[in-house]
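Pulled from TrEMBL, these are the features on record:
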BINDING   Gln110, Phe111, Ile112, Asp164  (6R)-10-formyltetrahydrofolate binding site
ACT_SITE  His128  active site, proton donor
SITE      Asp164  site 'Essential for catalytic activity'
DOMAIN    339-416  domain 'Carrier'
BINDING   592-594, 618-621, 651-656, 671-672, Lys778, 825-827  NADP(+) binding site
ACT_SITE  Glu694  active site
ACT_SITE  Glu694  active site, proton acceptor
ACT_SITE  Cys728  active site, proton donor
Amino acid sequence: MLWRGSQALRLFSTGQVYFKNKLKLALIGQSLFGQEVYHHLCKEGHRVVGVFTVPDKDGKADPLALAAEKDGTPVFKFPRWRVKGKTIKEVAEAYKSVGAELNVLPFCTQFIPMDIIDSPKHGSIIYHPSILPRHRGASAINWTLIMGDKKAGFSVFWADDGLDTGPILLQRSCDIEPNDTVDALYNRFLFPEGIKAMVEAVQLIADGKAPRIPQPEEGATYEGIQKKENAEISWDQSAEVLHNWIRGHDKVPGAWTEINGQMVTFYGSSLLKSSVPPGEPLEIKGAKKPGLVTKNGLVLFGNDGKALMVRNLQFEDGRMIPASQYFSAGETSVVELTAEEVKVAETIKVIWAGILSNVPVIEDSTDFFKSGASSMDVVRLVEEIRQKCGGLQLQNEDVYMATKFEDFIQKVVRKLRGEDQEVELVVDYVSKEVNEMIVKMPYQCFINGEFTDADDGKTYDTINPTDGSTICKVSYASLVDVDKAVAAAKDAFEKGEWGRMNARERGRLMYRLADLLEENQEELATIEALDSGAVYTLALKTHIGMSVQTFRYFAGWCDKIQGSTIPINQARPNHNLTFTRKEPLGVCAIIIPWNYPLMMLAWKSAACLAAGNTLVLKPAQVTPLTALKFAELSVKAGFPKGVINIIPGSGGIAGQRLSEHPDIRKLGFTGSTAIGKQIMKSCAVSNLKKVSLELGGKSPLIIFNDCELDKAVRMGMGAVFFNKGENCIAAGRLFVEESIHDEFVTRVVEEIKKMKIGDPLDRSTDHGPQNHQAHLEKLLQYCEAGVKEGATLVYGGRQVHRPGFFMEPTVFTDVEDHMYLAKEESFGPIMVISKFQNGDIDGVLQRANNTEYGLASGVFTRDISKAMYVSEKLEAGTVFVNTYNKTDVAAPFGGVKQSGFGKDLGEEALNEYLKTKTVTLEY
């Protein structure tokens with residue numbers, strides 16, 4: 001063991017700059033938490049001179065002991081420290097022999113005498129998982145949830161002769177999520193942040209900067225250890241109190257009740273915020289209202305009329321089942337194993353034997369947990385099976401639901417055969433009666449063919465921009481959810497039905513999905529109007545209509561993707577054949593913007609799926625709902641599990657993880673240039689994944705004096721105000737020839753005054769709300785900047801005085817080339833007009849091209865020669881001549897310069913999701 005003493009200098013991760021003072025430490029305690037604290041303290045240069053832990057249990061050493069023994073650190077395993085109130089002499093001598101300067105107790109279940117606590121120069125510090133003085137005692141995490149606290153946290157305190165009463169050294173806190181369990185809270189915050197805090201506390205002591213803040217008695221509570229016998233549910237309480245009681249006991253000791261004469265323990269509680277689904281009544285002792293066994297789980301009712309749902313049930317014999325299967329439990333017959341399945345069973349038996357090293361022989365009746373396994377062993381079991389059994393992906397719950405070896409093998413075999421899959425998709429909708437219909441909106445992550453809450457239970461509000469109200473809460477995908485989605489997509493591509501499916505069958509599924517999109521177009525357009533503010537009639541025609549067309553177009557390509565034969569120079573007398581194959585890339589990530597939520601999904605995912613890839617798609621955080629409805633329809637169309645995965649959430653978490661993930665082979669992104677650059681960098685650094693980017697624009701529209709002016713005015717307005725200006729190819733700057741400039745501006749303003757601004761669901765509305773509050777504020781700032789720089793505000797520039805995020809269509813003139821308005825994209829209903837001298841074609845072209853963007857452009861003229869010349873010289877991915885916004889599913893779409901690279905739509909889009917393999921054979 002390398003020890004550099006007090007001369008060691010190290011950069012510390014918690015914010016301290018350089019540490020030079022190091023201590024000799026005694027670690028007293030056990031558990032994986034203790035092991036991690038030990039590792040981090042050693043890493044920071046402190047010297048652990050002794051580890052004092054518990055004796056081996058069932059032949060298995062504690063994780064802290066294992067780590068210390070591996071490093072050669074002295075390890076002492078005392079069953080107790082005192083007898084009849086007095087410290088055991090041999091124990092005290094062994095402790096004092098190590099010469100510790102500080103005792104660190106990360107997690108300790110033993111009673112440590114005060115002469116040991118006070119022995120070191122700096123005394124002793126203890127980690128406690130609550131915000132002291134609240135919840136003193138050994139079941140602090142449980143009581144934090146049981147009591148319905150809004151915040152959880154931990155304290156590192158100086159040990160004294162009281163029970164968790166010593167002075168505070170430091171504390172940390174976090175918000176409690178609505179469906180947090182003990183495990184979720186511990187894994188998300190108390191464990192990782194607690195390790196950092198223990199290391200920080202030790203360094204503060206070493207540096208002589210550690211505070212001693214007396215605990216106040218005000219607000220102090222002490223609760224006893226929660227045991228199974230006092231965890232029975234008392235039913236005459238509100239749904240929230242029942243939920244807190246159940247989750248506060250999940251997984252240990254487990255809240256229970258009596259059903260049909262036997263003890264049944266509840267796990268996986270969540271408050272039910274949607275309507276109660278239909279189900280079969282289940283009488284529960286003490287409950288005033290029967291529970292309901294539904295497809296989603298067991299619904300329970302509080303005395304306030306509100307409901308909660310539990311996901312899993314455990315019986316007295318230790319057997320755990322999904323709550324939805326209560327009435328069918330025990331009906332599954334024993335399956336006979338094939339020769340191949342017997343080999344898998346033998347491999348799993350070896351894995352069990354490695355984990356349960358204290359069990360001489362693994363028999364059918366061997367119980368995983370009764371043999372000494374812990375929750376960490378569950379993780380190890382699942383991971384080892386995945387590695388050694390051909391990538392078989394089990395869930396932790398599978399272990400808890402089949403604890404005996406024989407039952408576990410039966411579950412594994414059913415997984416292998418696909419018999420464990422749900423026949424019917426379970427969707428927990430948020431329903432709203434709107435637009436003369438009831439729209440049903442999924443709101444959870446869609447991973448591996450199932451809708452599920454985010455792993456940590458987090459949600460966020462998605463807002464209706466028409467009035468600023470909350471539509472619903474949507475799952476906020478975590479890093480764990482991203483990894484699950486990628487793993488599901490990878491498994492579907494490499495081992496699932498999708499990877500073996502022929503191209504024509506793939507096309508059939510895509511045609512079916514297009515049909516379902518069309519059948520549900522009114523509901524989809526309504527959701528799009530609610531979630532994004534799109535005018536309903538436009539959403540119906542463009543947002544949804546073009547999505548249907550896109551899937552039909554690429555469905556037709558599925559069985560027409562082909563390579564080519566290539567004549568090469570023969571090496572006589574041999575003959576060679578060289579040909580190319582077009583092959584899918586694998587797992588693709590797609591990140592889409594908020595302006596056309598469903599259409600942008602379709603543009604990228606249709607080409608991706610037609611090429612044979614699987615995908616993980618992250619919709620924009622502010623507009624997730626049509627993507628989740630799309631996921632539901634994909635199941636109805638027959639897409640296999642794992643092929644399509646939708647993870648709502650933030651770009652900074654979910655999006656960044658997708659760009660870094662080593663199992664993703666391609667990322668398609670539409671959004672801002674700044675974020676596109678960051679994504680490209682992450683994709684390069686991670687695994688050099690293929691990238692296509694459709695980024696910002698400042699599309700010039702040149703209007704010559706020989707144009708058809710009526711059409712130019714009409715099309716020019718569409719070029720700017722289409723979809724409220726939230727349009728990637730919107731004309732960011734209009735160049736109008738001097739002789740028609742004033743008339744053009746006058747006629748545009750006259751037409752704007754005729755536009756109806758209002759509810760996007762009103763069929764007569766021309767102009768709806770901007771997508772979200774922050775965007776509206778940015779647009780108003782954009783207008784302020786234009787006025788300050790001297791541009792002329794001809795019309796608009798203000799927020800409409802009504803609820804919601806409405807902005808007046810706006811017109812600026814006299815915009816000079818150096819101005820902010822001339823250079824930066826607004827992405828809103830702001831027309832920016834500059835005039836150019838009569839006949840100065842090359843001059844206006846130079847000005848039009850004087851931008852780092854190059855997404856689209858346009859020209860209006862009756863002179864075909866002029867039109868061809870200008871379209872040749874404009875530096876843009878698309879040039880519109882005497883029209884604008886005319887995109888088609890067969891025409892490639894994409895930009896140049898800092899507007900990105902790669903194409904959506906058309907045959908070229910397929911190449912973004914394919915790789916070319918060259919094969920040469922000799923005959």
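Residue numbering: from 1, along the chain as shown.
Each Cβ is built from the backbone N, Cα and C atoms, and glycine gets one as well.
All TrEMBL annotations are machine predictions without curation.
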- Query: Using an 8 Å cut-off from the Cβ centroid of Gln110, Phe111, Ile112, Asp164, can you name the remaining same-chain residues around the (6R)-10-formyltetrahydrofolate site, in sequence order?
  - Reply: Leu105, Cys108, Thr109
- Message: For the C-alpha pair, I'd like the distance in angstrom between Lys778 (NADP(+) binding site) and Cys728 (active site, proton donor), rounded off.
- Response: 16
- In sequence order, which same-chain residues at least six apart have a C-beta under 8 angstroms from Gln656 (NADP(+) binding site)? Ser682
- How many Å separate the Cα atoms of Ile653 (NADP(+) binding site) and Glu694 (active site)? 21
- Task: Find, among the recorded positions listed as Asp164, Glu694, the one whose Cβ has the highest number of other Cβ atoms within 10 Å in the structure shown.
- Result: Glu694
- binding-site residues considered: Phe111, Phe827; fewest surrounding Cβ atoms within 10 Å belongs to Phe111
- Task: Looking at (6R)-10-formyltetrahydrofolate and its recorded binding residues Gln110, Phe111, Ile112, Asp164, figure out the farthest C-alpha pair and report it in angstrom, whole number.
- Result: 14
- Whole-Å Cα distance, Ile112 ((6R)-10-formyltetrahydrofolate binding site) to His128 (active site, proton donor), is 15
- By CA distance, which of the binding-site residues (Phe111, Lys618, Gln621) lies nearest to His128 (active site, proton donor)? Phe111
- Note on the structure: Row Ile592 (NADP(+) binding site), column other C-beta within 10 angstroms, all chains, value 26
- Message: Please identify which of Ile112, Ile653, Cys728 has the densest Cβ environment, defined as other Cβ atoms within 10 Å, among these recorded positions.
- Response: Cys728
- Message: Within the domain 'Carrier' (339-416), what mean pLDDT does the predicted structure show?
- Response: 84
- Largest tally of Cβ atoms lying within 10 Å of a Cβ, found at which of the recorded positions His128, Lys778: His128
- Item | Gln110, Phe111, Asp164, Glu694, Cys728 screened against Phe827 (NADP(+) binding site), Cα within 10 Å - retained recorded positions | Cys728
- Task: Whole-number Å only: compute the distance from the Cα of Ile592 (NADP(+) binding site) to the Cα of Glu694 (active site).
- Result: 10
- Counting only residues 6+ apart in the same chain, whose Cβ is under 8 Å from the Cβ of Gln621 (NADP(+) binding site)? Tyr460, Trp594, Pro648, Gly649, Ser650, Gly651
- Item | For Gln110 ((6R)-10-formyltetrahydrofolate binding site), the one of Lys618, Glu694, Cys728 that lies nearest, given that the recorded positions are compared by Cα | Lys618
- Excluding its own, the Cβ atoms lying within 10 Å of the Cβ of Lys618 (NADP(+) binding site) add up to 27
- All-chain count of other Cβ atoms within 10 Å of Gln110 ((6R)-10-formyltetrahydrofolate binding site): 16
